[in-house]
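Participant: Not my notes, these are from Swiss-Prot:
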COMPBIAS  213-228  compositional bias 'Low complexity'
CROSSLNK  Lys4  SUMO2 cross-link
REGION    1-160  region 'Involved in homodimerization'
REGION    213-267  region 'Disordered'
REGION    318-346  region 'Disordered'
Amino acid sequence: MEEKYLPELMAEKDSLDPSFTHALRLVNQEIEKFQKGEGKDEEKYIDVVINKNMKLGQKVLIPVKQFPKFNFVGKLLGPRGNSLKRLQEETLTKMSILGKGSMRDKAKEEELRKSGEAKYFHLNDDLHVLIEVFAPPAEAYARMGHALEEIKKFLIPDYNDEIRQAQLQELTYLNGGSENADVPVVRGKPTLRTRGVPAPAITRGRGGVTARPVGVVVPRGTPTPRGVLSTRGPVSRGRGLLTPRARGVPPTGYRPPPPPPTQETYGEYDYDDGYGTAYDEQSYDSYDNSYSTPAQSGADYYDYGHGLSEETYDSYGQEEWTNSRHKAPSARTAKGVYRDQPYGRY
């Protein structure tokens, strides 16, 4: 066989028209390989020390002959091809659906099959899935085994398995429709929330304590979370303590506000300090004496610039503030420090 192969290649090369450039190139490459001895089958070894990446491929037959009415290609692809994409990402492999029946347009598939192009040779084979891995030897075989185990689930002709239900839910979500009771929920997977449906809000009771949602049954024996009041059983209280529902009782942990700081500097109410010295007994004596003795002349009344001091200014301010002219004159005599007439001359 090998003796006849090289002469056949040489004869085919001579018979080819020069316009077939790609065919001539391929024939020349094949002749060179055979002459160098690369065409012989050699034993393949795996070097795990160098751990060089290797290419591993395997064809998995799709059982369309046993189950001709089941759409295996649709189940493998999923909505918008997402199922096959996720399967490749999970197994870290490359998967391709090839063979007869892999294309939707049957007329175009037949046309491409008859075209004779190398990339369409797979259309002559049975429908299959090509799994390819490019990784170090140990990891490559591990990925291939994982891929074979996972793709087996997609080759079971079941219309109501978990994969089919998940695909129906995903298709409903992608179409923008609302999920109804006709689409069952996949076990072990969360239900998809449709658009426009708000998330359940967490209600808070009085005092900031988180309350349980209405209709949620808490199993018996479950510990109550911190900060949540238990709804079953009476509220236990110690002897002499008020119940939490009593009105007027401050909540637990309540601290009274600290007393207001004393005014030490001139602030918002600093005008009180200006009138604070006018409320002693000596000031009242000077007010009464000034009103009990009338002014002698107009000059005495207007000549207030002479002998002006802080004590007289405070007394004048208190005169308008307290209006002491309706009081009876004090029986006590004024001391020598104060004058009988605050606006009189010396």
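From the backbone N, Cα and C atoms, a Cβ is placed for every residue, glycine too.
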Participant: Could you tell me the mean pLDDT over the region 'Involved in homodimerization' (1-160), as a whole number?
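Facilitator: That region's mean pLDDT is 86.
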Participant: Determine the Cβ neighbour count for Lys4 (SUMO2 cross-link): the number of other Cβ atoms within 10 Å of its Cβ.
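Facilitator: Excluding its own Cβ, Lys4 (SUMO2 cross-link) sees 8 Cβ atoms within 10 Å.
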